[in-house]
Amino acid sequence: MTTMYKSENEMSTAVLQLDTEQIDRLFPDYLLIDSAMSIIQCSRSVAELCKDLSNVFLFDAFSITINETAINDFDKLVTYVTSPLIISNEFISLKGHFEYINKPGELLFVGSILQHDVVDFSLNGNRSALINNIDKIADNIWEHDFRTGITKFSKKQSELLGAEATADNVKLWWNSIHPDDKFQLEENDQKYKSAVLDKHALEYRLLCKDGSLKWVLDKGVVVEKENNGKPLKIIGTHTDITSIKQAESALRESELRFRSLSENLNDGIIVEDEDRRIVLTNQKFCDMFDIIFQPKALSDSSCKDAMRHCSKLIKSPVNFEELSEGFISSQKKISSIILELNNGKIYEMDCAPVLIDGQYKGHLWKYADVTDRIYADNKLEAQKKFYEDVLNGIPADIAVLNERREYLYVNPYAVKDEALRKWLIGKNDEAFCNYRNKPLQIAEKRKQLFEEVIASGKQLEWEEKNLTKDGQPLHYLRKLFPVINSDGNVKFMIGYGIDITERKKFEDELSLSEKRYRDLFNYSQALICTHDMSGKILTINPATCKLLGYDQDEMIGKKIYDFIPADDRALFKEKYLDAFAHNDNVKGVFCVVSKAAKKNYLLYQNYKVEEPGKEPYIIGFSQDITERKKIEEVIRSGEEKYRSIIENMNLGMVELDNESKIMFANENLCRMSGYEMNELLGKKLYNVFSAGESRHFIKQKMYLKKEGVSEVYEFVTTNKIGETRWWLVSGSPLHSHTGEAKGSLLICLDITRQKILEQELRQAKQHAERSASAKELFLANMSHEIRTPMNAILGMGKQLERTVMDGQQQFYLNAINGAASNLLVIINDILDFSKIEAGKMTLDNVGFELETVANKALQVVIHKAEEKGLALSSNIDPNIAPVLIGDPYRINQVLINLLGNSVKFTEKGSVSIHCKVAEDNEHSQLIHLEVVDSGIGMSDEFQKSLFDKFLQEDDKNGKKYSGTGLGMSIVKELVELMNGTIKVDSKKNIGTVIGINIPFAKGNKNDLPKKEEKKASSNILFNKRILLVEDNEMNRMLATIVLNQYSAIVDEAINGEEAIAAMRTNDYDIILMDMRMPVMDGLEATQIIRKELSPSIPIIALTANAVMGEKQKCLEVGMNDFLIKPFEEEELVQILAKWLGIKNVFSNKDENRKHESNPVLFSIENLKNISRGNKEFITKMLNIFVKEIGLALQEIRAGEQNNNIEKIRSTAHRIKPSLSNMAVDSIRDEILQLEVFDLSGKELVQFPEIINKVEHVLTTIIEQVNNLIASGEY
């Protein structure tokens, strides 16, 4: 019997009467806490789960989150719990490694509803609190007592059934159970009665009042038993699980649909859960990856194992396992991943995460076999690329247009600009022409032709002419091909075009060439014809017809041998027509007969022409040699006469064949060689007349004869008795009457006697050269022997000038110095003569003032003229340029010679010099120099030999007028070296006028050498120890005096041997070494010093030998420098200071004036601003500037020399920014002029002046910048 609880309190009271074990059965998971949140009691299951929980703070063991808010105190817990302290299990979880406690419908948490009060939660304590809480439970609580048969229900029954409670709720409940499910309760009741069950859980359906169905979960537990185990009381709950069942039903239905779909899909499917266990797969997946198990057998197995199996089938480099793990980690949908298997199959993989209520629940993988599709796509792509490559690679314009003339495709050959090609798609020709500024007539013409093709449906071809940017014509051959669809309409149009510009040029050239060949054929005087292989004439030119007297129509179609003498026809066929069977060309001579029966001989060279698919033919070129044949007959008849002439001229003659075998030798040749005729015939020339090197030489000459070369040469041979003979040979090739080479003819002349004479002349030449060398040695010795005492005389004179002398002593000293100077002039004349003879005389090219040079020359002879009472004057043309370019020293030498001669040979009267302009050009002047005297004059006969060497007019005057006889010879040579001329006009006892014309370039003040007054410090050589090696006592004394004046310590040695001894015992700073000394000369001493004593001590050569080559000898043995006697005191000090490393030897009196007159021509302020004071940067930029301007100077000079104006322009343009940065303003206008210089304009006159100024300023700037860099003061 069943009854219902009368009230909820009654039900709660019944529950509270249970002991702990009974509560555990009814509520498997519960917790009791006090207001301090300490756990005071829990179910066994929770205790087992969490070990010991007695008196543990709730939040130490559990985390509670409600509505995404973390609960951490009792007050907040009470705030969020709607049913006091009964919390759904979804909000609470264990800390640590435990999962959610997930058993829906069971009591999870029971606590106190009293705030902040400590509540006694023992079962004997506050019953009302527990009763109220139990009433809040959503489930229907029931109780059945087996002793009374009564069943009681809580008030939740009505909510479950949707009907009001009745007096018999048990009957209401039983009648509401679905008939098909009642058997479960009946079977369950029997099991309890049989003491088989202690608890149960059943699911069944209820029929509600409104006709709907509900599912309930019926749970019960035996709370009282008899001793025999039979139940006395059961307590249980009814839980509404309708929504769960509906969800399960929908899920089952969905799963069935999904399974059905997966089984029928043509793709492989696999579904895994969040633990990577397989939930679902299909047979297609197993088949695709060679899995032998059925899909159901894979359920709940490891998906990782399945992926590992699949990975083995997939080609590397794909790591399928890592790829899969990455997709799972990302939890993103992935599609179209291509996998290539080892067996050649290609799969496309898609995967997606399975999300339920936003929670990840696994992954779905889909695999589609796309092998055929990929292969088809690849094939289609390959075909597409192939056709694109074909179209793109065709060297022609290709385009595809739709019916509206809009471009669908254009290949790169037609439009090379890729951006323009893309732009053109969808555009028509009008838009293209407007965009590219092309004539619209092109678009209009194409539109007209397009419409014609549309109308006719047939392709069309035309030529189109365009112009390039520079106006050159371009020719195109264009075609339009219509593509017709099934209904007969044009689907689209293919345009094709090729550049035929070259073809048009070729056609024009070919047409012109054909005309030229036609004209050549018709107007050529050569005989030209063509004929077939049988000799039938095909074409013949007018010149041939004219020669033979026939019209072209009379000869074309006839056989050639119709015009050949009957006797020659068989030979003609054999030697000519039949010869083409084995040869491509045939040459020779044949005879033809004219219409007038005249025989003509033709020299021919004919060729066989073969063209594919055509019969071969012969083209012939002939020359009428009838007259030549007549001449050959004359020559042949005269041959014997010429042989006779050769015999009488004592010339040997020999005829050779093509193998160089002797075919004939005349008697003279036999006599020259000593051989008989029969000993020579048949022998090869080089085997008889040559041996050794001559044999190879003759072989070469014979080879050249085969090539048709005629030449004259000499060779050495031996005659029959072994004597060496020299022959002069003239050789030429021999030809037969047909023009073929048949050998050579040699004419030989014995030149042995001439060769002996040549040898004697050569020996005489060598003897003369040795004599010249001896003369040079004599000059060197003479120079040394005279200059050595001269050095002492002039040096001592200098020292005497520093002393106090009376008038008479000064007179004597002047006489000594004058004599020494005259002697030095004589020595210099001799040495100049030697240089001129050797061709070693050189000239300087510097600026000078002609008036100054002329006055210096007058100063030299003024004393002598005054002594003789002669009037000495000069006349300088004011039109002479202020500065000329030349060698002032040599001009002075010429004038001194001429003035000296005039003063010497004039006893009374006057001597004058005149300088005037003979020609005045823009850049140069021709200067006429004239020396006039009233002296003894010269005879006409002597004037002819005036410039001969060592010659004076009358030897008897040699005593009165002494001299070397070299002066005028040297004058003439120097004048000619300066590209000048000299002319003499003299009358005996009346006087002489010598005129000279010399061209000079014009210069300016900047070309004049800078003069500085220098004076060395008296202690410049202080404490420097000098070894003076000199055999001449006077020279030693002079040098010692000079060196002591500059505070030097001097040791003396009279020869090289003493010098070496001194070197072994003392240390010296420098050595002054004379070249020529007794016992041991300076060269030998230097070699020993360098080898044994000191490789580095400076050695200065002192020599009176001023001839060429002497300095080179000094340097070769190891000397450092060279000083020629007599030398000036300043020269000696300067060279010593140079090698002793002493700087600033001479103080410069004009130094301040120099700085004042040489202003800085640039500024580095701009560099300072740019560099912000970085000196390293400024230094680097200054060095770059110097390098750049130095290179520019070289280029400007080279451009001026080579007349390369364009080079000068570009250089000026390049350096203009650099000059601007350095504030170089002084030549700004000149640089601009050079940059735009016009060679054809009036500026040409100013060009050299501009160049000179630019060069001077830039050179000065480079020097100033280098000085600035060295100082570092910026």
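Numbers run from 1 along the shown chain.
Just so it is clear, glycine is given a Cβ too, placed from its N, Cα and C backbone atoms.
Annotated features in TrEMBL:
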DOMAIN    200-253  domain 'PAC'
DOMAIN    460-512  domain 'PAC'
DOMAIN    513-583  domain 'PAS'
DOMAIN    638-689  domain 'PAS'
DOMAIN    711-763  domain 'PAC'
DOMAIN    781-1002  domain 'Histidine kinase'
DOMAIN    1025-1140  domain 'Response regulatory'
MOD_RES   ASP1074  4-aspartylphosphate
DOMAIN    1174-1268  domain 'HPt'
MOD_RES   HIS1213  phosphohistidine
Students should find that the Cα atoms of the residue listed as 'phosphohistidine' and the residue listed as '4-aspartylphosphate' sit apart, in Å rounded to an integer, by 56
With neighbours defined as other CB atoms within 10 A, the best-packed of the modified residues ASP1074, HIS1213 is ASP1074
Under a three-state DSSP reduction, the secondary structure at the residue listed as '4-aspartylphosphate' is strand
Residue counts for the domain 'Response regulatory' (1025-1140) under DSSP, helix then strand then coil, are 55 helix, 24 strand, 37 coil
The correct DSSP tally for the domain 'HPt' (1174-1268) reads 78 helix, 0 strand, 17 coil
